[in-house]
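First comes the structure, then the notes that go with it.
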Ligand code: GAR
């Protein structure tokens, strides 16, 4: 049984990458992590990929100062690794048009709030949980959605709810949402992989 080849793009700690990679090693997994691209050379995500023996590339404005060249280099690297699905997991950069065109409809993102609430430019990491607390929301949780040109605007694939507790801080809420992310993202990728003809090549 061949597995859907997934590329993960990550900027930071890479805990979602770890969750996805762990799930991909399960016997019933229909996907494999084929490549990790990180824009931050010192990130936990790239360190994990290297330790785990996953092909890893650092690609950023440092390695490719011209944004068009960066976009093309990322596109070419994803294609060279025979990528079938691109997952942005804590990737804090916008994807270029060439990557989006090459993988149209095959790029998904995880966001740490219940979109369409608390999305858009600048809404990442702690800012998202601060907004949830400031709004007095009773529930929060991650959303997995398709990536389009606009931040956090693509169609929602799945969401998972967690409670917002009266004494929550940004950190306690972030921790509860992140734990839900680690379940939701591998589950969504497994469903896509199970239904995707590219997994049977
Ligand atoms: C995750 O909470 C993810 O949802 C969020 O960044 C964190 C990355 O954590 N992404 C965004 O805020 C995007 N708008 P990780 O590096 O440990 O996976």
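Cβ from N, Cα, C; glycine included.
Taken from TrEMBL, the feature active site, proton donor applies to 111. The N(1)-(5-phospho-beta-D-ribosyl)glycinamide binding site annotation in TrEMBL covers 14, 15, 16. Residues or ranges marked as (6R)-10-formyltetrahydrofolate binding site by TrEMBL: 62, 109. The site 'Raises pKa of active site His' feature in TrEMBL is assigned to 152.
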Contacting recorded positions for ligand 1, chosen from 14, 15, 16, 109, 111 when the Cβ sits under 6 angstroms of any of its atoms: 14, 15, 16, 111
Row residue 15 (N(1)-(5-phospho-beta-D-ribosyl)glycinamide binding site), column other C-beta within 10 angstroms, all chains, value 18
When DSSP is mapped onto helix/strand/coil, what comes out for residue 14 (N(1)-(5-phospho-beta-D-ribosyl)glycinamide binding site)? coil
Which recorded positions (14, 16, 152) fall within 10 Å of residue 109 ((6R)-10-formyltetrahydrofolate binding site) by Cα distance? 152
Those same-chain residues, other than 14, 15, 16, found with Cβ within 8 Å of the centroid of the N(1)-(5-phospho-beta-D-ribosyl)glycinamide-site Cβ atoms are 10, 12, 13, 17, 18, 19, 20, 44, 45, 48, 89, 90, 182
Of all the recorded positions here, 62, 111, which one's CB has the most other CB atoms within 10 A? 111
